[in-house]
Amino acid sequence: MSKVTEINHPLVQHKLALIRDKNTGSKDFRELVEEVATLMAYEVTRDVQLETVEIETPICKTKCKMLAGKKIAIVPILRAGLGMVDGMIKLIPAAKVGHVGLYRDEVTLKPVEYFCKLPSDINERDIIVVDPMLATGGSAIGAIDVLKKRGAKYIRLMCLIASPEGVKAVQTAHPDVDIYLGSLDEKLNEHGYIVPGLGDAGDRLFGTK
Ligand code: PRP
Ligand code: URA
């Protein structure tokens, strides 16, 4: 079974409280989502491979650790996942970015795929799928299905807020995919929204409704 990590760092909790607030407008919402993504990226990349290199300081030669260069891809689930990309690229500037477009049908709550464009070497990359919300889990499961069909092997999922139902669904469908969360919330409501959640992430990011 995959590992679930709740990144409950004080800065993440503080910024999530601001993000959840219904009085936070799109400009601040966007900035906060980006900031939380940067903070979470720090934790999600905790176990990336290092190699020993020799460098010379102004004082002497020494051995240090640097990233071993295993290639990373960030894959936002459109639309709302886009809000997390820049925050991650700040820490991992060499990462490539793939896009999977899915929207959740409002009646069936099932994901509908409409776009997919991935780096050609996706099968070799460590992939971090990003989406602010993991609700029923349908979108994340669908995006991971798409990635695996195209050869992806090493996949993690990073979400700001999740429901217990969504986490369980992803673990059942993809037991090899570790999950990183800013907060595990209480439940889903009868419309498939996370409680307490933050409302509709895409609409709040892009000012649509
Ligand atoms: C939201 C969110 C997730 C999905 C989560 O996207 O960003 O992708 O819902 O719900 P699920 O776990 O029940 O699938 P939405 O479908 O509203 O599309 P958008 O990002 O284009 O607004
Ligand atoms: N999608 C969202 O944007 N918010 C939710 O609470 C559930 C699905």
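Cβ atoms here come from the backbone N, Cα and C positions, even for glycine.
Residues or ranges marked as domain 'Phosphoribosyltransferase' by TrEMBL: 8-208.
Long-range Cβ neighbours of D131 (5-phospho-alpha-D-ribose 1-diphosphate binding site) (same chain, at least 6 residues apart, Cβ-Cβ under 8 Å): P76, I77, A80, G81, M84, S139, A140, A143, L157, C159. According to its DSSP assignment, D131 (5-phospho-alpha-D-ribose 1-diphosphate binding site) is coil. The annotation 5-phospho-alpha-D-ribose 1-diphosphate binding site is assigned in TrEMBL to R79, R104, D131, P132, M133, L134, A135, T136, G137, G138, S139, D200.
The secondary structure of D200 (uracil binding site), as reduced to three states from DSSP, is coil rather than helix or strand. Annotation source TrEMBL lists uracil binding site at I194, G199, D200, A201.
Checking the binding-site residues D131, G137, S139, D200 against ligand 2 with a 6 Å cutoff on the Cβ atom leaves D200, in sequence order. Checked against ligand 1, the binding-site residues A135, I194, G199 give A135 in sequence order as having a Cβ less than 6 Å away from one of its atoms. One way to see the shell of the uracil site is to take the Cβ centroid of I194, G199, D200, A201; the remaining same-chain residues with a Cβ within 8 Å of it are P132, M133, Y193, G197, L198, G202, D203, R204.
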